[in-house]
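One structure coming up, written as structure tokens, with questions to follow.
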């Protein structure tokens, strides 16, 4: 039989419907069709995997060609390295010893006849790629530091502007420590505040020195180190727990300097007139809170509480906060009760160049004397004054009055 006629007859399309076969024949024919469909209709998974693997190898080979382009490494050597599973990333991360082992493996195990120039070309290309990556990383870190330093300078300029406009910004550090000097105060006032009352807290500035960032190829860091930041935060929490002033008061220097009445402060720090004005603003915010509470039918606060500080912050006066206002409330009390004595104290400490911490401690003495004249009722002294009755009496002031009263009773 002619093969061509046989093929044409075999593949001729028959338009007539096929006759019904017996059930057993139909089942066998169905199984045969499924087998044929499975063998010829579905793509082979192994072929697809081989195709993907070939594409991946081709991609890695192109990367190796780009790496060793100008270093005299032959194409057959690159192909063998791809077969061994090496990529550009693995080669760059290898040490010199590992590169020697790679060359030795190519020669001894895979029987690749490397030229003398190829051995040095492989190492030279990898060293050059390492230097290129390190240089790119160094430039990226320099740009990052420049951006951070520029942002820091912008923030400092903004803080300077806000400070000159009358906004007080919290700063946890101070140029001096909070130390009560008995030599400077005992000549004017007989009371000793450090007689077993509070430990002397010294705020060290060494926690804000610039450090270097480890792991960043030895680049110096202009920001504070993470270790110093953690230590500073721990020191703040410790001072907050050890504070004898109030339950939530933290002993730290605020951005104020001792100024005479009517004197304007220069630089970032504000004067004492500005500090006393903050207490006047708190009184106005208390009136606002009382007015709102009356409109809502709620209980009106009679003293400056957390609700007043939250209202001040919501109104845009974020520079008014509880720690600062509680820290200097007795100074404001002396200013309200005896402004002449307060002004004399300010002038004296300004002439001596004392910091605001020492001036703050000295403000306790006249208040203790006033409490003595009032039968040691410091609460009554505050309640008699219209501007002071809205403030809580500091715990430290109560303790000093009790201590002085005990000394007087033993005499």
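Just so you know, glycine gets a Cβ as well, placed from its N, Cα and C.
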What range among 313-320, 321-328, 329-336, 337-344 does Swiss-Prot record as DNA-binding region?
321-328
Do you know which of 220-259, 260-299 Swiss-Prot annotates as region 'Disordered'?
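Based on what Swiss-Prot states, region 'Disordered' spans 220-259.
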Identify, in sequence order, the residues in the chain of residue 306 (site 'Interaction with DNA') that are 6 or more apart from it along the sequence and have a CB within less than 8 Å of its CB; answer 'none' if there are none.
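Within the chain, residue 306 (site 'Interaction with DNA') has Cβ neighbours under 8 Å at 322.
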Any idea what the Cα distance is from residue 357 (site 'Interaction with DNA') over to residue 310 (site 'Interaction with DNA'), rounded to a whole Å?
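Here the two Cα atoms are 27 Å apart.
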What's the CA-CA gap between residue 310 (site 'Interaction with DNA') and residue 299 (site 'Interaction with DNA') in angstrom, rounded?
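Checking the Cα atoms of residue 310 (site 'Interaction with DNA') and residue 299 (site 'Interaction with DNA') gives a distance of 16 Å.
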With every protein chain in view, what's the tally of Cβ atoms within 10 Å of the Cβ of residue 299 (site 'Interaction with DNA'), excluding that atom itself?
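For residue 299 (site 'Interaction with DNA'), the count of other Cβ atoms within 10 Å is 9.
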Quick one: mean pLDDT on the DNA-binding region (392-395)?
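Computed over the DNA-binding region (392-395), the mean pLDDT is 92 on the 0 to 100 scale.
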